[in-house]
C-alpha cells in the first residue's frame, strides 16, 4: 500500500502509480477540493465521471463542523460523503493561518478562533493527526506552519524548525496503518531555507512529500526556483505534492520539474465566478458577446456542460446567478484540469512532454512564453 | 397532436395521455418550474432521470433576460436549455402581478417595471403570445389577470371579463400550429364568478383549460369548492391544469376531483431552505437531530440523494449552505412529487384511488384528516 511506482519518465517529469486503500491513482494528477466533504455543487458520481482520482477535504472546516467524531461515527469521509475513492485531508495548519483567526502559535501548537462562532480551538500535531484519523482519508498531511508571504528570514527559520519538530510529533502520534502521512517541506522562496527544510524533511521516511508555502502571493519568478530546488532534494521514489497550486500553466510547468500531485480551489472558485478554463486561458462567460454564442465552452471537451450547453445558455445562467450555471462551469473546469493531466501522462509515456508543454504554452500565451515557464521546461530537460 | 385521451377513471379522477411535439405525457402530472430556463440546480439529464415530463418556464423572466429573440435564435427553449422534452410557458401575467412591479393595467394590457433594471415594459395578449411563440414551448398559456387575494367582487367581475376579452385576442394572435394554447378560468373563490368565468372560457375550443387565481393565500376551505366547481364545468375531454399548486396533499385532493396537471416552485424552493418532502410532511434537515442520522431522507425513495446520502450528510451540507445539499434536497423533493403522481396513476388504473388517497392522508395527517381533504375525496367519489 502507498508503494509509489514510476512507470515512465520524460526529462524530470514522471508518470507514477500510487496504490491506496481505496484505489490505484495515476500521477501526475490534480485533486479537486471538497472543503466540507463536498466539491462545491458536484456529486460523487460526477467526480468519478470527470476522472477525479483523489478528493481533498479540509481538516480545519470539518473539525468545526460537523466534527470529526461525527464523521467517524458515520463511517469516515468515504461513507459520510458517499465518495468511495481515495481522499486526502490537509492538516488544518494552512487554513488556521489563511482564514486569519489565528490567536496564538507556540511550540505546543496553535490556538485559533472559529470563523463560525468565535470559539477558541486548539490544534497541535497530535490533535491534527487524531482528527485526520477520525476523518479517515487515505492520505493525511503533517501539521505544519505555512508562514505568510512575505515573512522575515528570522521568522521563517524559526518556523521551519518548529514545523520539523511538529513533523516528528505527527509521526509519533499516528496510529492507523491504513493511512499514509505525507511530510511537508516549507521555507518560502528563500532557497537556503528551502534546502534546509527539504533536506531535514526527507530524513523522515514518509510515503510522500509535499512542498508547502508556495503560491501564497509571491511572483512566479520566485516560486519556480523553490519548486526546482525542492524536486531535486525530495526523493525520486516518492510522490511529490505541490500544495495549493492549480493554474493550468503551473501544472504544466511543475510536472516538467517532477511534481506528481496538485490541489487548488481555483477551478471551482473561478467557475463560480463565471470563468471557464480553456486552452487560451479563462473565458469570462459574463461578457455580453457570449449571450449569443451557440458554441460549447470548448468543442474539444467531453464534459457534460460542453456536450449539452452553449456559451449563450451558460452565460445567461451565470448572469442570473442560477445554480446550474455555477455547477456546470465548475464541472467543466475540473474536467479541463483532469484532461490536461491525462494529456500530460500520455506525453510523458510517449517521451514528448516538451512538445506537449510547448504546444500548451503557444495556445495559452501566444508568441510570448514567459521566462519562468520556459526555464521550468529547460530545467526539467524538455527544451532542446 | 394535443389530442388528450383518457385511459382510466376512478371516481372523478382520471389518467390521461397528452401527445405533444416533444413527447407523450402521462397525466396526472406535476411540472417542475424552470423559471429562467433551468430548474434551479438540476440538469436536464436529472430532470429525465427523476421522471419529470413537462418543464415550465416563466415568460416574464425570460422576456427580461435573455430575451425571447435570443432564445429563438438559439433554437427555442428545447435547444437553448438542452431539454428536448415538452415545455410549458406561462403567460407572464401572474408574475407581473406577484412580483409587485405592476404600474398600469388597462384594456390594452399591462405596463410593468422590470425588477432587474427598472425599465418600463408592456405586456399584452398579443405580446405574450408572440413572446411565447419565440420561446417555443409545446404548451403556451393565455394572458390573463390573476387578481390578488382578497379582491372586491366588483374588481373581480371587471377582471374576469377583461381576461375573457384578452383570451379572444390570444387566440387571434396565435400563429404557430405546433403549440397548444391553454385557456385560463379565473374568478377567485367567489363561486358565482368562478362559474361565469369557467362557462365563458370553455366556449373557446382550447386544447386544454387551466384554473388560475387559486392558492394565492385563501384558506383551503375556500379553495376546494372553487376547484370542485371548476372541474365540473371544464370539459371532460380536455386536460385540466390547476396552476401554482404543489403541496403533496393538494395534489392528492385535486386529482380526486379530476385535475390533471400541476406546477409549483414549492418542491425546489422548500428544498433550498432545507426541507425534504416525506410521507409525513416536511423533514427540516436543519434540526440538530439529523446531524447524526445515518438513514436516507426516505428509504422508499429511489432518487440519487436517497440512494447515496444520509440525513446526516445532507443536514451538514444544508447547514453550511453547500450547493450540493440544496441541489440534492430539491432533486429529492421533485422525485417525491413525481412518485406521488406515478402512484396516483397506478391507483386510478387499478380503481383504488380512494384507498390510495386515504393511505396518503393517514401518513400525512395522522388521525385528524382535515375536512377539506375528506370532502374532496367524497365529492370526487372516492369515499364510501
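From the backbone N, Cα and C atoms, a Cβ is placed for every residue, glycine too.
Residue environment of residue B:90 (active site, proton acceptor) contains 31 other Cβ atoms, counted within 10 Å of its Cβ in all protein chains. Under the heading active site, proton acceptor, TrEMBL lists B:90.
The active site, nucleophile annotation in TrEMBL covers B:263. Under DSSP, residue B:263 (active site, nucleophile) is assigned to a strand (E or B) in the three-state scheme. Around the Cβ of residue B:263 (active site, nucleophile), 22 further Cβ atoms fall within 10 Å across all displayed protein chains.
The annotation substrate binding site is assigned in TrEMBL to B:90, B:91, B:92, B:93, B:94, B:144, B:186, B:213. When secondary structure is read from DSSP and collapsed to three states, residue B:186 (substrate binding site) falls in the coil class. The Cβ neighbour count for residue B:186 (substrate binding site), using a 10 Å radius and every protein chain shown, is 26.
Annotation comment: TrEMBL describes B:301, B:303, B:306, B:332 as Zn(2+) binding site. Same-chain residues at least 6 positions away in sequence with a Cβ under 8 Å from that of residue B:332 (Zn(2+) binding site) are, in sequence order, B:271, B:276, B:277, B:297, B:298, B:301, B:303, B:305, B:306.
As annotated by TrEMBL, domain 'tRNA-guanine(15) transglycosylase-like' applies to B:12-364. As a whole-number mean, the pLDDT of the domain 'tRNA-guanine(15) transglycosylase-like' (B:12-364) in this prediction is 97.
For the region 'RNA binding' (B:244-250), same-chain residues at least 6 beyond its ends with a Cβ under 8 Å from one of its own Cβ atoms are 30, 94, 212, 214-216, 220, 262-267, 277, 336-337, 340, 360-361, 364-365, 373. As annotated by TrEMBL, region 'RNA binding' applies to B:244-250 (among others).
Sequence-distant contacts of the region 'RNA binding' (B:268-272) (same chain, six or more residues past either end, CB-CB distance under 8 Å): 32-33, 39-42, 282, 326, 329-334. Marked as region 'RNA binding' by TrEMBL: B:268-272 (among others).
Taking each Cβ in turn and tallying the other Cβ atoms within 10 Å, the top scorer among the binding-site residues B:92, B:93, B:213 is B:213. Distance between Cα atoms for residue B:90 (active site, proton acceptor) and residue B:213 (substrate binding site): 13 Å, as a whole number. Within 8 Å of the centroid defined by the CB atoms of B:90, B:91, B:92, B:93, B:94, B:144, B:186, B:213, the record's substrate site, lie the Cβ atoms of B:97, B:141, B:142, B:143, B:145, B:146, B:184, B:212, B:243, excluding the listed residues themselves. Listed in sequence order, the residues of the same chain lying 6 or more apart from residue B:94 (substrate binding site) and placing their CB within less than 8 Å of its CB are B:60, B:144, B:146, B:212, B:243, B:244.
It is B:301, among the binding-site residues B:301, B:303, B:306, whose Cβ has the fewest other Cβ atoms within 10 Å in the structure shown. Mapped onto DSSP helix, strand and coil, the region 'RNA binding' (B:268-272) counts 5 helix, 0 strand, 0 coil. Residues B:296, B:297, B:298, B:302, B:304, B:305, B:307, B:331, B:335, B:336 surround the recorded Zn(2+) site, their Cβ atoms falling within 8 Å of the Cβ centroid of B:301, B:303, B:306, B:332, which are themselves excluded. Rounded to the nearest whole angstrom, the C-alpha distance between residue B:263 (active site, nucleophile) and residue B:93 (substrate binding site) is 16.
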